[in-house]
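**Q** Among the features that TrEMBL reports, active site is placed at Cys168, His226, Asp249. According to TrEMBL, the feature Ca(2+) binding site maps to Asn289, Asp291, Glu339, Glu344. Here TrEMBL flags 160-252 as domain 'Transglutaminase-like'.
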Amino acid sequence: AVIGRYKLSVQSTSSGSSSPASLGTFVLLFNPWSSGDDVFMPNKAECEEYVLEEFGIIFAGNKNRISSFGWNFGQFQGDILNICLSMLDRSLNYRQDPATDVSHRNDPKYLGRVLSAMVNANDDQGVLLGNWSGNYAGGKSPSSWTGSGEILQNWKKSGFKPVRYGQCWVFAAVLTTVLRCLGIPTRTITNFSSAHDADGNLRVDEFYDASGNHLDRTADSIWNFHVWNESWFSRSDLGPSYSGWQVLDATPQEESGGIYQCGPASRNAIKEGDVELDYDCPFVFAEVNADCMYWNYDPATGKKTLIFSKSTVIGQFISTKAVGRDDRVDVTNDYKYEEGSTKERDIFKKARKKLGLEDKFDPTAPTPQEISQKPDISGKFKVAGHLEVGKDLSLILVLANLQSDAKTVDVNMTAWSTVYTRRPVHEIWKDSISVTLSPKEEKQFPIKIPYTEYQQQLTTDNTIQVTALCHVEGGIQVLVQRDITLDNPAIDIQVLGEAKVNKEVDVEVIFTNPIDVEVMDCVLRVEGNDLLREILEIDVPPLKASEKSSTKFKLIPFETGPKHLLVNFSCDKFADIKTFKMVNV
């Protein structure tokens, strides 16, 4: 049956031709508990998590340092169901042909695809406008949201004007809310070192100049992380082996069928390299599997030289929240065979072949000679000390001579603040050194970037990319780089007393200013289903160096059970310090 709002009336046979009496309306949804439904999920605990659970955990950071934060999906709150249904009636498909669109609303494949387009504002005045510039004037910074409810309500209140601004996890979290609300089991997935392959060749190219600056000269990119969705339903169009988890992605990255939508791509099809199957499998396959090529580019001559290529960088630690627990579960093996195994390389070749890439000459590809070159030295950045906002950044560049003769190396180093997509925003620091390495020698070079130097340039993502381009005399260049995500200081919540329905309980939020300057413009935002009727916003007085602040407020819970309180603290020096607390009412 088509989902949506139905009118129900009763006609009595005895009263002849009198008009039917209306009994009211009801809303029909998908039912994952029913074995006949396309979204049937046999495991009850999974139904509880992926349809009924209103709280989630989203993973972020980078592959070296995975972080997480809570999110309030809130799919059963207030007006959310009405907003989700009106979203369907605002889609391009409905506007073009309402009757056909409605007749397809029994199909989760169809709705998943339509909603992946509606959650972003591109093409259709959808829910959220994306912004990856690092400047969020005229809206809310993507990292400041803590739940989907406020975003969906704002969209409706503004007369369905796109809400500013979203980035990948916000798009994915809102799509989770909408699909769970309609009864489709859905979860968020975070992929670390995620490829955005813009030209469909299963390869991402990155370019660096001679000074080691990461150049923004291709649409290809490798994000520190990317968040998308998986929804659970059968694929009658592809056959039973492709049913189960399906990838949907509402972040507007590439057009599909002329509009910004992505999926459903069968996760099994991705793992097996069946990239010709509907929908958008090549793009998703590349996100977790693409090969990377790193090039040196000379803007003056336009000449590019391959530094090195890697087939094991992309698609690591693919993560989602555990069922019934707040832990991380790694699902990388559900997307691909073990990295570097023969099977994984065979699948990659199979995918290339299906896309016609094996037989086609690619003038942009490196030559076999370029790929087989071996570097004379190796390098890496090691972290020394704490990676925290407010502290100096201490690193060690380790260079090792792999050869049995001495090598002279000129090293050009840069550090840039970036957004989480690794798009460079501001230069923070640069330096160059000249080094002689004896045969087989390893040397360490300490690097220190003071807080005062990076503080002004940092984006709300707290990410810095450090690069060293090593020019080895008589040998090929070596690129050493590391993406660093700095931790925010901690914030603590205490519930003072027992939480009971309709009884006041005090909550205290404690924050200590860890830096030696005053922090100002401090704001605390708190939300929690069944604990607070609306989002609480509290202005906190400025805090001097090392000063501790305690902010108290009252809750009156109105439902029993385990509830989640989400807190977001911001000030002029720290953006969006988040934490959550489970409150047993």
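Backbone N, Cα and C atoms are what each Cβ position is placed from, and that goes for glycine too.
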**Q** Where Cys168 (active site) and Asp291 (Ca(2+) binding site) are concerned, what is their Cα separation in Å, rounded?
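**A** Per the Cα atoms, Cys168 (active site) and Asp291 (Ca(2+) binding site) stand 22 Å apart.
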**Q** These are the recorded positions: Asp249, Asp291, Glu339, Glu344. Which one scores highest on other Cβ atoms within 10 Å?
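**A** Compared across Asp249, Asp291, Glu339, Glu344, the most Cβ atoms within 10 Å surround Asp249.
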**Q** Using a Cβ cut-off under 8 Å and a sequence separation of 6 or more, which residues in the same chain sit near His226 (active site)?
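**A** For His226 (active site), the qualifying residues are Cys168, Thr190, Asn191, Ser194, His196, Thr251, Glu287.
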**Q** Round to the nearest Å and give the CA-to-CA distance linking Glu339 (Ca(2+) binding site) with Asp249 (active site).
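**A** About 24 Å separates the two Cα atoms.
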**Q** Please list the DSSP helix, strand and coil residue counts for the domain 'Transglutaminase-like' (160-252).
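**A** Breakdown, helix to coil: 17 helix, 41 strand, 35 coil.
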**Q** Using an 8 Å cut-off from the Cβ centroid of Asn289, Asp291, Glu339, Glu344, can you name the remaining same-chain residues around the Ca(2+) site, in sequence order?
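**A** Counting only non-site residues, the set is Val288, Ala290, Ser311, Thr312, Ile314, Gly315, Lys336, Gly340, Arg345, Phe348.
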**Q** Give me the Cα-Cα distance between Glu344 (Ca(2+) binding site) and Asp249 (active site), rounded to a whole Å.
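**A** With distance taken Cα to Cα, Asp249 (active site) is 24 Å from Glu344 (Ca(2+) binding site).
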**Q** Whole-number Å distance between the CA of Asp291 (Ca(2+) binding site) and the CA of Asp249 (active site)?
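**A** Between the Cα atoms of Asp291 (Ca(2+) binding site) and Asp249 (active site), the distance comes to 21 Å.
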**Q** Out of these recorded positions, Cys168, Asn289, which one has the fewest other C-beta atoms within 10 Å of its own C-beta?
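**A** Looking at the recorded positions Cys168, Asn289, the Cβ with the fewest others within 10 Å is that of Asn289.
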